[in-house]
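Engineer: One structure follows; several queries about it will come next.
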4 protein chains.
Amino acid sequence: MVLDGDVAHVGLTTGLEGVRLAARALPGHDLDTVDLSVRAFGTTLGAPVLISCMTGGTGDAGPVNAALAAAAQHHRVALGLGSGRVLLQGGDPASFEVRDIAPDVPLLANLGAVQLAEVGLDGCHELVERTRADALVLHLNAVQEAVQPEGDTGFGDVLGRIADVVAGLGVPVVAKEVGFGMAADDVRALVDTGVAAIDVAGAGGTNWARVEGHRDTDAGAIAAAFVDWGWSTHDSLVAAMGVLGDAPADRRPLLIASGGLAHGVDAVKCLCLGADLVGFGRRLIAAGAEGPERATSALGTLVQQMRIAVWGIGATRPSDLGTAHLA
Amino acid sequence: MVLDGDVAHVGLTTGLEGVRLAARALPGHDLDTVDLSVRAFGTTLGAPVLISCMTGGTGDAGPVNAALAAAAQHHRVALGLGSGRVLLQGGDPASFEVRDIAPDVPLLANLGAVQLAEVGLDGCHELVERTRADALVLHLNAVQEAVQPEGDTGFGDVLGRIADVVAGLGVPVVAKEVGFGMAADDVRALVDTGVAAIDVAGAGGTNWARVEGHRDTDAGAIAAAFVDWGWSTHDSLVAAMGVLGDAPADRRPLLIASGGLAHGVDAVKCLCLGADLVGFGRRLIAAGAEGPERATSALGTLVQQMRIAVWGIGATRPSDLGTAHLA
Amino acid sequence: MVLDGDVAHVGLTTGLEGVRLAARALPGHDLDTVDLSVRAFGTTLGAPVLISCMTGGTGDAGPVNAALAAAAQHHRVALGLGSGRVLLQGGDPASFEVRDIAPDVPLLANLGAVQLAEVGLDGCHELVERTRADALVLHLNAVQEAVQPEGDTGFGDVLGRIADVVAGLGVPVVAKEVGFGMAADDVRALVDTGVAAIDVAGAGGTNWARVEGHRDTDAGAIAAAFVDWGWSTHDSLVAAMGVLGDAPADRRPLLIASGGLAHGVDAVKCLCLGADLVGFGRRLIAAGAEGPERATSALGTLVQQMRIAVWGIGATRPSDLGTAHLA
Amino acid sequence: MVLDGDVAHVGLTTGLEGVRLAARALPGHDLDTVDLSVRAFGTTLGAPVLISCMTGGTGDAGPVNAALAAAAQHHRVALGLGSGRVLLQGGDPASFEVRDIAPDVPLLANLGAVQLAEVGLDGCHELVERTRADALVLHLNAVQEAVQPEGDTGFGDVLGRIADVVAGLGVPVVAKEVGFGMAADDVRALVDTGVAAIDVAGAGGTNWARVEGHRDTDAGAIAAAFVDWGWSTHDSLVAAMGVLGDAPADRRPLLIASGGLAHGVDAVKCLCLGADLVGFGRRLIAAGAEGPERATSALGTLVQQMRIAVWGIGATRPSDLGTAHLA
Ligand SMILES: Cc1cc2nc3c(=O)[nH]c(=O)nc-3n(C[C@H](O)[C@H](O)[C@H](O)COP(=O)(O)O)c2cc1C
Ligand SMILES: Cc1cc2nc3c(=O)[nH]c(=O)nc-3n(C[C@H](O)[C@H](O)[C@H](O)COP(=O)(O)O)c2cc1C
Ligand SMILES: Cc1cc2nc3c(=O)[nH]c(=O)nc-3n(C[C@H](O)[C@H](O)[C@H](O)COP(=O)(O)O)c2cc1C
Ligand SMILES: Cc1cc2nc3c(=O)[nH]c(=O)nc-3n(C[C@H](O)[C@H](O)[C@H](O)COP(=O)(O)O)c2cc1C
């Protein structure tokens, strides 16, 4: 699990530090009136938040996932699971069994898009059924694969395979990067596949080339050139809005902003820039490892920060937010 | 009292370091001819300076306030008192009794605007009478209240209540923030209430979310997202001038610049940007704690720096100053 | 040999850190389809790479050159030799004898352009013959010579002499700086001499004034003013493209980018900016000193980084690359 | 003497680090052909250099001045003396007696312009005669005087008194600041007095408010506000050129650039920006204290750096230089 070690981007930040919220000395209403709830994945969330897909398959992943599930259920936010590849390959399913802990929130299963060649639509069906997930997240991780000695770099047919899953799976499909962000052309191509949501997973948080570099010497040497690879979360978001901006909100995929979000103020900045949901990943891992109470409290802090920030710029609801709230 | 500890904004400065005075090798007149006196609150000040509202109610606040009062009297500058809430709640009045030490300068009582719901116009009357103040300062501190476990965040009716106090109190009312600054819309709304002066109290000095964060663990976790919240003193001032700029000086509220001013050169920069008065807060607390002599000397240094800076850009009086004196 | 010591530019970088590749979450094809091969110096290289002219003439230069030659041969990239002046002056030829180790790649001999006054066209012929080189590199190092106590600063006739060598030598001639880069006017003048390739050898890597400064106290004092002399690799490249840009690629000299390139991503940035080949110098010296295996592996890492970067921006071949691939 | 201690500007540099010379890989001529000589103060200098007015009156000033005089004589550059006020007040004249050591170069006596009220034209005559100087430098040091407890801040009539000295003295008069630079209006006013030369003495080197601050506690407290006061050498120079630029070179005062110049490359940047001469001050003090040989060698290094820089941008003479040589 990536809790420690030097795995951050170097010389590249989320870009959100350069975005400033237009604070108000006079919010104009009581903090109590703020309502962060939103509709997503066919249900109502307590806040426009997703716990990003992270861990699964190993022994210690179980308790972490259980803790994050308890937090998600408590605050009514969406919950992503780590890659289910090991599950499909016969690994221990225990760490993925969180549906009973988080019965009322959207649960998202996860798989590498490049592995669709291997597992096919059948594998997707199996994964969604066994995890009792509400949706499937397919992640794009080209550079992460490329720096690995045995990485799977057959990305030639990935787009077509994503479109097939969208057409055949029967639950919403989400496409995401893993921390290098997306170009406008990537977003455009994903929209055409019909995915229900796009998570830019921008740069500024975890750098997956560096993570692989810690696992293997050769990968480490190669990864050294990619410490500032990719698009920042801010730039990815702006690029995505350039593509999605014109489409009516109900006729385009949900836009999810993740990648290095440090707190609720970063989250509100992303909402102002156009995101529908925000994802927190590594920020929650340490609390998750300490158990359900700490995870629930850590997630509660993030949501409370979002609530205060929304109020502090004079807004009441996520749907109020826009670039007019930026300084 | 906030003398130590890490309570400053992070990654956010007053913005005054980016403002440069247009120094002159040839000031054109003798330093002796510089005259910093201005009219404010119905009297003549020796310099356009206010000691910002800071402390009161506790035992050690008494000597500090007495020392600052002696300094204010000596240099003929306005003096703000800390929040009088404790006084109205039956607390020890001793630390607020400085009128006899500073009989000839404007004395400003202070209260949280959000607490008007609780104390009403009667409480304001009582506070002004008991402190023998010349004016009442109402502070706006939304984010400071919001990060506190039991904070008062009922800001919905604040504007109306300020207007009521302005209409009914009989002494001038000042509105200020506490270190997060103001947006142009805030200034506009405050002008409409009829306040006699607006103190932007911008960001770059003390960060009150961080202060509260040191008092409580949960508040600290929440406050971590607000370390760079708000508008810098510079940006607040520019925004305020955008609103006030056109109105004739005698038909608009006085504009007070405070928030992180480090010395007299910062003060003169604010005057050039359009402020009528400048406020020094935390900068004077340490000297205040050392007694009247050190407080008088520290304030004297600030005033002398202002005098030299006014001269060093070829000006004579505060009324000479404007953006033409900026490089 | 310049392996250690403080010999880098101060306050001046390659400028490539400010150039960003337009990363793609969806490369659009398999990594296996990437083909870095290019034609240069009458042959096909495995990648558009040159090992920059570095060392020769001393005892320990022999093994380093042999190791770099093995690496060049393995990866099929061009190989530059260090200055052959000592060879022409009767020095030990052993360290220059690498032709047998690298029989299938372009081998480039090297000489200071200012020394043409001394060695003449005959010396050039002799050097090319004795090293069995495919081309001759003439380096321009005005400031390096100037800071030396006995430096050769007779640059008045250098251009004419280069033109004479181009006309008379019978193998391609390359002109390069040694790490201070080139102005557009320099590139223009060199094009007029008819050279086959221009290597901008820009600033941001080794600073040769500082190298000389470590050899001599007076030179060191003088060199202190030149720690940020010259044009960055980025600026040199942009200037060169301003001159060469319009000419059809087969009717203009090859453009080589070198000077402080740290890895394959820097290299691909240079290709996108218009370079035909990239040169790695000091980056490879340490590995070269450790023998042929380490040198081959280090060069392999650089080439693999280039391959992943080309793929990661959705391209397949060097000829695909252009400023459209920059963010 | 100000050799050590923290007396530099804080957060303010000369601005010359942002000016870049347009280096040439091909200078186009031999270094030997570079000729730095210029006409100034009625004689021919070996290089367009002035050793800035620094020290005098104290015991240890004598050897330093003698060493600097020997260096000036050797390299044929102009030599400024420290303030002659002590001399006129009956102090020991020994440290000012350098005429015999530097018989062939312009020797410049020095006095505070504000002290003209005290010493009058007669004092100027006496100072020039006793030092056998070729010119008189009058320095403007308003802020330096203002931070001192007993400083002379009667700058009201300074301009008129300078004009009187220009009219009556019979030798050229130079006006300079002492390290806070000049505004365009200052330059304009000085031109009107008829001075023969203006030395901007800009900020980025020694900060004289800080120097005074080290001498006195109160001055130190006041000086803290002035650590970044003034105009950088670059900005002063650009402002002066805005005023002088149009006038023909022989019908306007010489423009001298000084203030924090670190080496000959800085000097050549100033010449390209329009200066006729450059001044080195504190940069030479340490070598001066080590005796005539070290002083001569240190000055020689500066001149050689200038020579190489002029050559390295493809120029031959100071009169060639202009903004076309900037990158
Ligand atoms: C420990 C860890 C494991 C992760 N595993 C996955 C994964 O299995 N599948 C996936 O799509 N993303 C994975 N990610 C990426 C995250 O979902 C997210 O996109 C990325 O970390 C950026 O968000 P963050 O900076 O908030 O962590 C993982 C991230 C972390 C930190
Ligand atoms: C110790 C301390 C106590 C303060 N108490 C109050 C207060 O009671 N009421 C108020 O309006 N502002 C209060 N403030 C805020 C100041 O009035 C001022 O707006 C703010 O500190 C910014 O100015 P400064 O950076 O110069 O301190 C306090 C500030 C400090 C440092
Ligand atoms: C140890 C060393 C020796 C060099 N010797 C030569 C040389 O003999 N001839 C030459 O043209 N350049 C020489 N160079 C300069 C390089 O060819 C190259 O232009 C420069 O170092 C910039 O590239 P780099 O930053 O990748 O090293 C030398 C560089 C190094 C580091
Ligand atoms: C030790 C010292 C003494 C100085 N004394 C004088 C002086 O007596 N008169 C004067 O006009 N300037 C004086 N100066 C200012 C210099 O002439 C010069 O304007 C200033 O130091 C900026 O140049 P620099 O940064 O190269 O030292 C002095 C500077 C130094 C460092």
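Just so it is clear, glycine is given a Cβ too, placed from its N, Cα and C backbone atoms.
The following feature annotations were taken from TrEMBL:
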type: BINDING; residues: D:Ser52, D:Ser83, D:Asn110, D:Lys176, D:Thr206; note: FMN binding site
type: BINDING; residues: D:Ser83, D:Gly84, D:Arg85, D:Gln144; note: substrate binding site
type: BINDING; residues: D:Glu145; note: Mg(2+) binding site
type: DOMAIN; residues: D:162-326; note: domain 'FMN-dependent dehydrogenase'
Engineer: Within 10 Å of D:Arg85 (substrate binding site) by C-alpha distance: pick out those among the binding-site residues D:Ser52, D:Glu145, D:Lys176, D:Thr206, and say none if nothing qualifies.
Structural biologist: none
Engineer: Just how spread out is the substrate site if you go by the largest Cα to Cα distance in Å among D:Ser83, D:Gly84, D:Arg85, D:Gln144?
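Structural biologist: Maximum Cα-Cα distance: 17 Å.
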Engineer: Pop the Cα-Cα gap between D:Glu145 (Mg(2+) binding site) and D:Ser83 (FMN binding site) into the table, whole Å please.
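Structural biologist: Rounded to the nearest whole number, the Cα-Cα distance is 14 Å.
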Engineer: Which of D:Ser83, D:Gly84, D:Arg85, D:Asn110, D:Thr206 has the fewest nearby Cβ atoms, counting only those within 10 Å, among these binding-site residues?
Structural biologist: D:Arg85
Engineer: Using only the residues recorded as binding FMN (D:Ser52, D:Ser83, D:Asn110, D:Lys176, D:Thr206), report the maximum Cα-Cα distance in Å, whole number please.
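Structural biologist: Overall maximum Cα spacing for these binding residues reaches 18 Å.
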Engineer: For the residue listed as 'Mg(2+) binding site' and D:Asn110 (FMN binding site), what Cα-Cα distance in Å is obtained after rounding to a whole number?
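Structural biologist: That separation, Cα to Cα, works out to 16 Å.
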Engineer: When a 10 Å sphere is centred on the Cβ of D:Lys176 (FMN binding site), how many other Cβ atoms does it contain?
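Structural biologist: Its Cβ shell of radius 10 Å holds 30 other Cβ atoms.
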Engineer: Where ligand 4 binds, which of the binding-site residues D:Gly84, D:Arg85, D:Gln144, D:Glu145 are close by, with Cβ under 6 Å?
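Structural biologist: Going through D:Gly84, D:Arg85, D:Gln144, D:Glu145 in sequence order, none turns out to be close to ligand 4.
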Engineer: Rounded to a whole number, how many Å is the Cα of D:Thr206 (FMN binding site) away from the Cα of D:Gln144 (substrate binding site)?
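Structural biologist: D:Thr206 (FMN binding site) and D:Gln144 (substrate binding site) have their Cα atoms 11 Å apart.
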Engineer: Would you kindly give the Cα-Cα distance separating D:Gly84 (substrate binding site) and D:Ser52 (FMN binding site), rounded to the nearest Å?
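Structural biologist: Their Cα atoms are separated by 14 Å.
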Engineer: Please report the Cα separation of D:Lys176 (FMN binding site) and D:Gln144 (substrate binding site) in Å, rounded to an integer.
Structural biologist: 14
Engineer: Can you give me the Cα-Cα distance between D:Gln144 (substrate binding site) and D:Asn110 (FMN binding site) in Å, rounded to a whole number?
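Structural biologist: Rounded to the nearest whole number, the Cα-Cα distance is 16 Å.
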Engineer: According to DSSP, does D:Gly84 (substrate binding site) fall in a helix, a strand, or coil?
Structural biologist: coil
Engineer: Could you measure between D:Asn110 (FMN binding site) and D:Gly84 (substrate binding site) for me? Cα positions, answer in whole angstrom.
Structural biologist: 6
Engineer: Go through D:Ser52, D:Gln144, the listed binding-site residues, and name the one with the sparsest Cβ surroundings, counting other Cβ atoms within 10 Å.
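Structural biologist: Counting other Cβ atoms within 10 Å of each of the binding-site residues D:Ser52, D:Gln144 gives the minimum at D:Gln144.
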Engineer: Just how many other Cβ atoms lie inside 10 Å of the Cβ on D:Glu145 (Mg(2+) binding site)?
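Structural biologist: Around D:Glu145 (Mg(2+) binding site), other Cβ atoms within 10 Å: 21.
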